[in-house]
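Chemist: One structure, pasted below without further comment.
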Amino acid sequence: MTTKISVGRIVADFLVLLACAIPLLIFHEFVKPYKRGFYCDDESIRYPLLPSTVTRQMLIVVGILIPSALIIATEVFRTLAWEKKCSHLFKKYHMRNTQVHRLIVRLYIFIGYFFLGVCFNQLMVDIAKYTIGRQRPHFMEVCKPNVGYKNCGLNHTYITDFWCTTTDKKLIHESQLSFYSGHSSFSFYAAWYTSLYLQARLYRPLYSRLLLPVIQFSLFGGAAFVAYSRVSDYKHHWSDVLVGSAMGSAIGIIVALFVAEVFKRREIPSCVDEAPEGHNMNLMPLEKRPDPELGIQPAPTNTVVETKTVLVSHDMRGPSIYNSGGHPVEGQRIPPSHRLTSVV
């Protein structure tokens, strides 16, 4: 079976990603966060300004490299190890007059969906940040407003008419983007998407049954570390981190299960020599093995013989056949040449 890859579709995919990235650029370059007031005696926004344990650049590099590396390693391992004996069952891909290996197609699909989810996640983060405009815990230190910074006393007054006395406009801008945590959201998105992908594509135990759970736990452990560091560095309130983690998890699950459909793209061929627990590969329906884009060619179907248990009773006329209810089947006798001498 041969599938032609459309160049137009590839171009359309990149245009969709670009269209998703444009609003992000607009938010960061042209949109100002909502100017929210503050209570003079609010201690939650009077923390010192500290450097980030996990910088934005570090998070982007690590958060993209690790999932991409795991996806590449998984697909290469599947292609060279598990599918070596049955490579002839899989589709052949051609783009114009050039044959494209199925490994390239798979990487394009799974990594492409990952980046699409990154755009979705960051867009949701920016919408919340710029429309809510919650101050970070170090807001007072960065802004030093002309009202309520030094002399506050016991005056529980909500102040809206103020301006910042400091000159670092970038820090002032960032100090009003606390809700919700983008670091936490991105970390948990990457952890969920990658973990679900690995669970679906590594359908057989690896060299150790503990290897896959350890990798998945490490992903969530790293995401949790990033989220906790945002609280200890006074970059976010705890509620910002909690909502960010929940939103990132939700987007990761939705993209993996319903957009990328990783479990529908498991591609379990009929010739694997080790089936998942509780499954017989030779009896697995063919429609449950392939997927629309990455499926395998139809394999020969197996004949399933339905057997029934009957009771045999002997009398003067020969053995009778009884149905499952214990009643003799009228006129059903076993010929002498087919009678059993023993029953096992």
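All positions are counted from 1 along the displayed chain.
Including glycine, each Cβ sits where the backbone N, Cα and C put it.
Remember, TrEMBL labels are computer predictions, not curated facts.
Feature list, courtesy of TrEMBL:
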TRANSMEM  7-27  transmembrane segment
TRANSMEM  58-82  transmembrane segment
TRANSMEM  103-124  transmembrane segment
DOMAIN    111-256  domain 'Phosphatidic acid phosphatase type 2/haloperoxidase'
TRANSMEM  177-198  transmembrane segment
TRANSMEM  210-229  transmembrane segment
TRANSMEM  241-260  transmembrane segment
REGION    321-344  region 'Disordered'
Chemist: Report the mean pLDDT of the predicted model across the domain 'Phosphatidic acid phosphatase type 2/haloperoxidase' (111-256), rounded to a whole number.
Modeler: 94
Chemist: Helix, strand, coil residue numbers for the domain 'Phosphatidic acid phosphatase type 2/haloperoxidase' (111-256) per DSSP?
Modeler: 94 helix, 4 strand, 48 coil
